[in-house]
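Feature list (source: TrEMBL):
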type     : residues : note
REPEAT   : 62-104   : repeat 'WD'
REPEAT   : 278-309  : repeat 'WD'
REPEAT   : 321-362  : repeat 'WD'
DOMAIN   : 354-440  : domain 'Sof1-like protein'
COMPBIAS : 415-426  : compositional bias 'Basic residues'
REGION   : 415-437  : region 'Disordered'
Amino acid sequence: MKVKVLSRNPDDYVRETKLDIQRVPRNYDPALHPFEVSREYTRALNATKLDRVFAKPFVASLDGHRDGVNCMAKHTNSLSTLLSGSCDGEVKVWNLTKHECVRTLQAHEGFVRGMIVRFCGTSFFTVGDDKTIKQWKMETPGYGEEEEPLNTILGKTVFTGLDHHQKDAVFATCGQQVDIWDEQRSSPIRSFTWGVDSFSSVRFNPVETELLASCASDRSIVLYDMRESAPLKKVIMTMRSNSLCWNPMEAYYFTSSNEDYNLYTYDMRYLNKPIIVHMDHVSAVLDVDYSPTGKEFVSASFDKTVRIFPKDVGHSREVYHTKRMQHVICVKWSADNKYILSGSDEMNIRLWKANAAEKLGVLAPRERQASNYNQKLKEKFHYHPQIRRIAHHRHLPKSIYHQSKELRVMKEARRRKERNVRKHSKPGSVPVVSEKEKHVVTVVK
C-alpha cells in the first residue's frame with residue numbers, strides 16, 4: 001500500500017552554517033513580485049494622502065433668497081431642478097447645472113414650513129404659516145400669465161410639515177395633528193392624534209408606501225399605517241426629535257435627528273432601543289436625508305456643520321463647514337448620489353460633493369481604472385494605523401473642536417460616576433444601562 005506524504009528536502013531551506021544568509025523560497029513567476037505587500041502599502045498610503053490633498057468638497061453657492069432657507073425639495077424626475085422655501089414666504093426654483101434661479105414666487109405669508117414635489121414631477125405643494133396648503137404648477141407660467149396656485153386649501157391650524165405618497169394622489173401634513181389628504185378634496189380624509197399638541201415633521205415610507213412616521217413635541221416618534229384608523233405605536237425619547245428620514249433601501253429602518261446632538265437609527269419592529277447611535281455633532285441636529293443607495297445619510301446641525309454618516313457606523317466619515325455658513329436648517333442628498341445640498345440661516349444654498357476628493361467631469365478609462373485601484377488599496381489597508389490616521393483627520397473650526405473635547409470630558413465624567421456608584425452599591429442594585437438604552441424612555445403601543 002502506498003502512503004502519500006509531504007516531503008521536503010532540508011537542503012532547500014536550511015543554512016549550511018550560521019554565517020550564511022537565510023534562504024528565502026522564491027516564486028519566479030514575473031507576475032508575483034517578492035515585495036508586493038510593501039509596494040501596495042506605499043501606494044495605498046500615497047492614495048490616502050492625495051485624497052486629503054484633493055478634498056475640495058465645496059462646489060457652488062446659490063444666493064438669491066432674502067431670508068433664511070427653511071426647507072428644500074428635490075424634483076422627482078429632473079436631477080438639475082431644486083426647489084427652496086425661505087422664512088419670508090418666498091419659493092425659488094433653481095437650475096443646478098447653471099447655478100441660477102429660474103423662477104421666484106411669493107407663496108405664503110410668513111415662513112414656508114414645508115414643500116414636496118408630486119411623484120409625477122408636474123406640480124409641487126407648499127405649506128406655510130398662513131394655514132394654507134398650495135399646489136403649484138412645475139412649469140414656469142407663460143408671458144403675461146399670472147403666478148397663481150392650481151389649488152389652495154385653507155386649514156384650521158398652522159402646518160409644520162408635508163410629504164407626498166410615492167404612487168397615489170395622497171399627501172400628509174402635520175401641525176397640531178397628522179392629516180392625510182386626497183388631492184381632489186378640501187378636507188382631510190383621515191386625521192391621527194395621540195394626545196400631542198404639535199408635530200414637527202412627517203415622512204412617508206418610500207418602500208412600504210402605506211406607512212408613515214412623524215416627530216412630535218412630546219419627545220416621541222409616532223408610526224402610522226394609512227390603512228388603520230389609529231396610530232400604530234410610538235417611542236418616547238429623553239429629548240425631542242426634529243426630523244426623520246426612512247432608508248430608501250431597507251423598508252423598516254429610519255433615522256431621526258435629535259435635540260441631544262445625536263442621530264438614532266431605529267428598526268420600526270423593535271423600538272425599545274435604537275440599532276445605532278450616531279454621535280459627533282456638538283449642537284442640536286435639525287435635518288437628515290438618506291443617500292439614494294441607502295448606505296449613508298447626511299445631517300444638518302445648529303453647530304454650523306454638515307456631516308455624512310455611514311448608516312451602520314456611530315461616527316461621521318466627513319464634516320463640511322465654511323466660515324460664512326451659519327446654522328444649517330435643511331439638507332438634501334441628490335438623486336444621482338453625487339451631491340449634497342444644504343440650506344442655512346444666512347440665505348444661501350450650498351452645493352457639496354458627496355465624496356470630497358472625487359474628480360468631477362468625464363473620466364478617461366485609465367483615470368477610472370486608477371481611481372478604482374486606489375479605492376481597493378485604501379479598503380485593503382484601511383486598518384493600518386498610519387493610513388487610518390491620515391484618512392480620519394479633519395480640520396475643524398476652533399469652537400467645534402473645543403466643544404467636542406468638552407463633551408468628551410463630560411461623557412467620561414458621567415461614566416466614571418456611574419462606575420463608582422455601581423462599585424459602592426449592593427451587587428445587582430445598579431444595573432448597567434447601555435448607551436443605546438439610555439435615550440429611550442418607553443414604547444407605547
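Including glycine, each Cβ sits where the backbone N, Cα and C put it.
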Worksheet item: On the 0 to 100 scale, where does the mean pLDDT of the repeat 'WD' (62-104) fall?
Response: 95
Worksheet item: For the region 'Disordered' (415-437), what are the DSSP-based totals of helix, strand and coil residues?
Response: 12 helix, 0 strand, 11 coil
Practice prompt. Could you give me the DSSP helix, strand and coil counts for the repeat 'WD' (62-104)?
Written response: 0 helix, 25 strand, 18 coil
